[in-house]
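Colleague: Pasting the feature list from Swiss-Prot:
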TRANSMEM  22-42  transmembrane segment
TRANSMEM  116-136  transmembrane segment
TRANSMEM  156-176  transmembrane segment
TRANSMEM  227-247  transmembrane segment
TRANSMEM  279-299  transmembrane segment
TRANSMEM  328-348  transmembrane segment
Amino acid sequence: MSYLNASKNKKAPKTKKEIFKVVIKWLKVFGFLFILVSMLWGCVQMYQAQYSVNQIVDMTGKSVYTPGVSFEIILSSLGEQGSKVHHFVYDKGSFFEYGYNAITSWKETFKLTQSPFYGFFVYPTAWILAGMIKLFSGTLNPLLDKSSQLTYGISSIFAIFLTTLLIKGITLSFGWKSQINQEKMQDIQLKVADIQAKYKDKKDMQSKQKQQLEIQALYKKENMSQFSALAGSFAPLPFLFAIYAIVRSTRALKIASVGPIALIEGPWQQITAGNYIYIIILAIYLPLQAVSMLLPTLLQMKKQKSITLTEAQKKSRKKQLIMQVVMMFVFIIIIVSVATGVCIYWIFSSILQIIQTYAFYLYNEKKRKAGNQERQRRLRQMERMNLK
């Protein structure tokens with residue numbers, strides 16, 4: 001089946017509403033490109049010497065993260081106090097002092113980093129996160145006694161949760177339409193698989209262009225955008241990298257711990273060092289990550305259980321499942337090697353993603369059933385009219 005319109009009628013002039021839609025569309029495209037460029041910029045910048053966060057060797061010979069060295073973000077506008085701490089290391093017969101590079105304001109962030117990633121993502125998110133920590137604990141400069149440290153650590157967990165909730169709301173706005181029309185998007189993907197199967201053995205440029213035009217026509221016919229699904233998938237990534245940078249470099253989180261679990265330490269690194277308490281983090285994270293990534297496909301398979309799929313559609317669904325499993329393992333490998341605070345952020349993010357996926361699934365099922373009932377009602381009404 002072809003979704004191309006053979007009609008060559010002249011296009012009518014665009015209305016103001018249509019022009020407005022085009023403007024919004026291009027703003028979204030430029031916004032998406034800005035986010036993508038910022039993310040890539042940040043990925044490179046985080047590992048440059050002046051922005052890297054390194055462990056120091058303490059007096060016992062143990063490698064640890066500590067405030068007052070390397071790159072650090074201090075939220076002075078929230079009353080946070082911090083400065084360089086003089087740590088030295090003995091190497092090759094000489095003593096060397098660890099470097100220190102601090103940012104204390106939003107203006108300074110743009111001036112020193114000249115980076116949209118740190119300016120628009122890292123510092124504002126760090127300010128919100130640290131502000132919530134201060135709201136719950138009353139301070140960003142906790143005392144060293146166990147009670148104060150525990151209160152501060154628990155406050156940091158709550159702050160990460162609320163920040164995750166805020167980020168989820170922002171990223172959901174990028175893919176709201178595709179989420180609200182999740183069932184339609186899944187049906188479109190099956191139809192796209194059929195179109196791709198139709199042109200599978202055709203390698204000439206004309207056939208490839210025709211395939212792309214058919215796919216575009218299909219999305220247009222269903223009043224859906226290919227971009228919305230793509231933007232929804234990429235939107236969380238800059239915030240994930242921002243949280244990674246924040247947990248490692250923000251003083252407020254460098255000093256945060258809940259009992260023996262420090263938010264800046266990597267769980268896998270600590271487990272291999274004999275601190276098995278960090279297994280708790282991975283035991284919570286791993287199943288949640290698996291469920292959050294596989295749930296959409298599993299729900300789709302459940303819904304389409306009674307539907308007879310074409311061979312191309314079966315292959316497409318299998319390919320989709322394999323890709324999700326691969327992505328799941330990639331995320332698992334990445335997350336277990338980063339700071340515990342990032343793992344906690346991703347635990348909350350996975351929980352919210354599971355709730356979001358299932359909520360939209362229930363919404364779409366309810367909408368589908370209501371539509372079926374309405375169709376049945378109209379059919380019965382037409383039958384009664386025909387009998388008369």
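Easy rule for this one: first residue shown is 1, then count along the chain.
Positions of Cβ are set from backbone N, Cα and C atoms, glycine also.
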Colleague: Which of 22-42, 156-176, 279-299, 328-348 has the most Cβ pairs closer than 8 Å to the transmembrane segment (116-136)?
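Modeller: It is 156-176, which has the most Cβ pairs under 8 Å.
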Colleague: By Cβ distance under 8 Å, which residues at least 6 away from the ends of the transmembrane segment (156-176) in the same chain are close to it?
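Modeller: For the transmembrane segment (156-176), the nonlocal Cβ contacts are 32, 125, 128-130, 132-133, 135-137, 228-229, 231-233, 235-236, 239, 243, 252-253, 256, 258, 263, 341, 344-345, 348-349, 352-353, 356.
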